[in-house]
Amino acid sequence: MLIDFSKMHGLGNDFMVVDGVTQKVFFSNEVIKKLADRHFGIGFDQLLLVEPPYDPELDFHYRIFNADGSEVEQCGNGARCFARFVRLKGLINRDRIAVSTARGRIVLQLEGENQVTVNMGVPQFEPGKIPFRAQKAEKTYLLRAQEHTVMCGAVSMGNPHCVIEVPSVADAPVATLGPIMERHERFPERVNVGFMEMVNASEIKLRVFERGVGETLACGTGACAAVVVGISQGKLKERVTVTLPGGKLTIAWKGPGQPVYMTGPAEHVFDGQIEL
């Protein structure tokens, strides 16, 4: 079966994007792993699948698969690429796009110069909604992870995040502490691990070890998580520039009960076909 796809990226966080509206597709875990291989496949951090809406009030359903084949609930950089893809492919002729994900609904707004703003929804701090094993919600948690003692924030942006403040992201133990924290026993569905350096109240630097992927050049939900944790701890203002290895995102959050808005680029790289 010959499948059409597009290769896209958001700040270097790269995706294989597939139209599941006009063509019938199915991807097994093994097929996704092979396609994700950067030497023998197409190579990507996540596969994004556009499906018809489950709800008639929405435009599409948005599915995300990590390079290891696991399906996840949300991907912010992917959401921006999703919006640009459906517009480029003529699947919709509006700039405002409402989609469902495995964890809820998000609204995508196409702006000028390949920029997309995404309403990422309301962050969840309640442990049961992250999910995270704790008696009650706290602004910071003290966790033991092998020989490490870690102070972190925990939040869900539709997927679970642990945010660790570090003096310098350049020296952060992403490769060593990242995989340990990803599988920490208090995160029953594993977790994305962010290492955040405070530059000032309006700017942070961030590196993210993504669940099921490893470190990526950018993580949209990770940027949102880091900012809302920083704001909740009284360290950041309502609008923050996040510098990731792949570039910059703007994150805005007005506080508890309010949605998080993420603005950043979505780039189309090439189109292709592959035999499945």
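Cβ coordinates come from backbone N, Cα and C, glycine included.
Note that this is a predicted model, so its numbers are computed, not measured.
Between the candidates Q46, Q109, Q124, Q135, Swiss-Prot assigns the substrate site shared with N13, N66, G76, N77, N159, N192, E210, R211, G220, T221 to Q46. A sphere of 10 angstroms centred on the C-beta of F270 (site 'Important for dimerization') encloses 8 other C-beta atoms. Taking only the Cα positions, the spacing between N66 (substrate binding site) and F270 (site 'Important for dimerization') is 20 angstrom. Ranking the binding-site residues N13, N66, N77, N192, T221 by how many Cβ atoms sit within 10 Å of each one's Cβ puts N77 at the top.
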